[in-house]
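Undergrad: The annotation FAD binding site is assigned in TrEMBL to Ser152, Glu171, Ala172, Val374, Glu570. Per TrEMBL, the feature substrate binding site maps to Phe481. Annotation comment: TrEMBL describes 151-593 as domain 'Amine oxidase'. Marked as region 'Disordered' by TrEMBL: 1-24.
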Amino acid sequence: SIEGSGRTIRTSGQVAQRGDGTWPPSVAEQIQQAIANLEKVLNAAGAFPRDIVHLRFYVVDWDLSAANDLVAPVLALLRDKYGSVNKPLTTLIPVSKLAFPEAKFEIEAIASAGNASRPWIADRDMIQKLSSGAISVPTVETDVVVVGGGFSGIMAAYELNQAGYSVTVLEAKHRIGGRSRTQRLRTNPNAIVELGATWINKKTQPTIYALAQKFGLETEAQYTEGDQIYQGYDGRIYRCNMDQAHNENTPHVQKFTLLVAEAAEKCNIRIFDEFPEEEDVTMAEWVAQKGLADNPAVNATCRFLCSAVVGREPEDIGAHYFLDYIKSCYGYMSVVSEGDEGAQSLKIKTGTSSIVDALANTLPSGSVMLHSPVDSISQYAKNEVHVTTSSGTTYKAKKVIIAIPTNTYTNIQFTPPLPSTKKALVTRTKPGVYAKAILTYSSPWWREAGLVGKFESVIGPICFSWDISDLSKKQYSLAIFVAGRVATEWHKLDELAREEAIIDHLATLVGENSSLAAKARNIVEFNMVEWTKEEYIGGAPTSVLGPGMLRKFGTVLREPMGNIHFGGGETAFEWKGYMEGAITAGQRAAKEVANEL
């Protein structure tokens, strides 16, 4: 049983009966089997031997000469296996017999699992049954602590575990996956939708694709048949095929996008001082330098592109950073398109969270701790770092990998403090302003109307959308994105008003007086994540830098600080802001640590 907010866990008495119903013959063997059974029960409740505060033993015909048979396995349970020294209160009660005639030994425990902190386990039904509470637990020793249980942190832990190192992942939230969040529909529990990262690519994102293959995850190509709907800066709405010109301003817009594509292609994503210094201005100023600032369609397109790609306005983003970002994602056409070489190429049938769950499931039990925000990281002697969580738990490690968004480093107290260059980088980094809403319907009415499911607007609140349906599960949904300045204004509305604003805008885009408007309004389920409001994340899909910042701090972004190394998708050279980038950044950080260990 699990009691109250303090997460006091009380086990029933555990005897030595094996899974097949048999019993070990000797007292010593029964002690070992009963302790193994107890450990399984604790794990199922989300606790570990290090959380035990009281043990009670019942021994038939107790003889002091058998003390070592009891003490040795108990000490092994409490100390050796989990890298911590735990000395709970113990009580031994001699008895003449137990409930089962074969039983010679029984053990029961009381455990306090510590704050909201609990281990990640694959059984999601069990997770929902667990409560949370607060208590300090002993110092835990491990080779490496990874701060952050997103794709980058879990990948780093996976690589280090494969290399033979002990790793503990500390995740502040109640789940792993970071900006990936797969959710089952309430109206169709057999179907899932993605509230975060969604797409991978077989050709241009080989690492994440290889992981999907490794774990046997089925993929499905993004739907690309039909027309798209586009709303221009003047409010006019156009229906056109994917390659068709929108309006009379198209030549100017095409010139702008061509300039972006060409400038991005010239960027060196690994050497930061080669970018032309005179062009290291905001994106808004860069457009003016190109002589296009007087065209309202170009300005609107630039604002739309910046918001859609990184969640910020042209006035916030350095041109060098933005163009480097585009280059890191295989170029402009890759970022904005689907198909074999597009960033929106393939979906994971069981959801992107399946990848990070599969990686985490390869780690030893108890390696990933949820509800464990890190308060402080202190470096002492060579190869000794202490990481303390908000519950007071301290983890002693040789190395630390930080794999959280750069803008959230401010939540951690570093001793010694971050170097001035790293501190300057952290305080100047701006998270993207992003929200994602999933509108689920009883049928894919847009497909029936010859639409691909792409609705784009430079006015908002809808910025862009994609069809994320799974016909095999009878799941028919549109993923709607709200980003940048539009999202900032939209966030000011109350929850129902935000929902209504999206639905109203979709009805407008398909024609307020058309039969499609009624279908657009007839949703069966609405799900939404405002990533800007997500605690310990603060925005999506990435964090951005202003003018001059990438030139000055590009190297600092990945530079280790003593025994602290830095991962996270923002530190990737390729595919920043995508799962591929997060994975490869985790691999890089793990390699750095392994090389030094």
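Keep in mind that glycine also has a Cβ here, set from the backbone N, Cα and C atoms.
Automated prediction, rather than curation, is the source of TrEMBL annotations.
Keep in mind it's a predicted model, so treat the numbers as computed, not measured.
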Undergrad: Using a 10 Å radius around its CB, how many other CB atoms surround Phe481 (substrate binding site)?
TA: 23
Undergrad: Could you state the CA-to-CA distance between Ala172 (FAD binding site) and the residue listed as 'substrate binding site' to the nearest Å?
TA: 25
Undergrad: In sequence order, which residues at least six apart in the same chain have a CB under 8 Å from the CB of Val374 (FAD binding site)?
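TA: Val374 (FAD binding site) has long-range Cβ partners Val147, Leu170, Ala172, Val387, Thr388, Thr389, Ser390, Asn411, Ile412.
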Undergrad: Take the Cβ of Glu570 (FAD binding site) and count every other Cβ within 10 Å, whichever protein chain it belongs to.
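TA: Neighbour count, Cβ to Cβ under the 10 Å cut-off: 25.
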Undergrad: Just give me the nearest neighbour of Phe481 (substrate binding site) among the binding-site residues Ser152, Glu171, Glu570, Cα to Cα.
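TA: Checked the binding-site residues Ser152, Glu171, Glu570; minimum Cα distance to Phe481 (substrate binding site) goes to Glu570.
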Undergrad: I'd like the number of other C-beta atoms within 10 A of the C-beta of Glu171 (FAD binding site), please.
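TA: Cβ-Cβ neighbours of Glu171 (FAD binding site) within 10 Å number 29.
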Undergrad: Across the whole of the domain 'Amine oxidase' (151-593), what does the mean pLDDT come to? Round it, please.
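TA: Summarising the domain 'Amine oxidase' (151-593) by its mean pLDDT gives 96.
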